[in-house]
Amino acid sequence: MAMVPADADAAAKPPPDVEKPDYSSQNGAPNSAAAAAGGGGGGVVDSVVARWRREDMLDKSPLALHAAAAAFAFVALVLVASNQHGDWMEFDRYQEYRYLLAIAALAFAYSLAQALRHALRMRRGVDPVPTASGRLLDFASDQVVAYLLMSALSAATPITNRMRSAVINRFTDTTAAAISMAFLAFVSLALSAIVSGYKLSKQTYM
C-alpha cells in the first residue's frame, strides 16, 4: 500500500489567511486623524469669518444708528414746529412742547454731525476724531442726548395725555406723533450708546 508523504498533505491544505496591510492612507483616503484635523480647521475658519462679520457690523452700526436718530429727530422737530392751529392749539403756549422742540433740534444737529463724521471715516478710512477720544465721545454724548430726549418725552407725554382725554383733534394727534418720533430717536441713540460702550470696553491702550 502506497504511503502519501506528509509534505504532500501539507501542500494540499489551503494556506492560512494573511492579514493584508491597510494602504488606504497611501491611496488618498483620509484617516481619522486627518479628518479630525480637517474638521478643526473648518471650525477655526468659521469662527474667524463670524468675528469679521461682527466687527464689520459694529463698525457700520454707528453710522446707521446716528442717521436714524437724525431722521426721527428731524421729523419730531418739524411736527412740533408746525403744530399751530390757533387759540389754545399753539405749541408755543406750552413750555413742555417748547422744551421738546429744543431737545429735538439738539438731537437732530448732534446726530447729523455724528452721522457725517462716521460716513467720512468709512469713506476715507480716517476718523476726524482720534480713535480713543472718539469712542469716549460717542459713549458719553450719546448718553447725554438720549437722557435729554427722555426728559423731554417725560415732560410732554402727561400734558398730551390730559389733552387727548378731553379732545382728540389735529393738534393732539400731531403732538402724539412728534412724541413717538422723539422716542424712536431716543431708542436709536440708546442703542448707539450701547455699541459705543462695548467698543470702549474692548479698547486696548497698549
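Going from the start of the chain as shown, residues are counted 1 onward.
Glycine too: its Cβ is placed from the backbone N, Cα and C atoms.
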Recorded membrane side (Swiss-Prot) equal for Lys60 and Ser133: yes
Close approaches to the transmembrane segment (139-159) from elsewhere in its chain (Cβ under 8 angstroms; 6 or more beyond its ends): 73, 94, 96-97, 99-100, 102-104, 106-107, 110-111, 114, 175, 178-179, 182-183, 185-186, 189-190, 192-193, 196-197, 200
Spatial neighbours of the transmembrane segment (175-195) far in sequence, C-beta under 8 Å, 6+ residues away: 58, 61-62, 65-66, 68-70, 72-73, 75-76, 79-80, 83, 91, 97, 100, 103-104, 107, 111, 138-139, 142-143, 145-146, 149-150, 152-153, 156-157, 160, 163-164
For the topological domain 'Extracellular' (160-174), distant same-chain residues with Cβ under 8 A (at least six beyond the ends): 79-80, 82-83, 85, 89
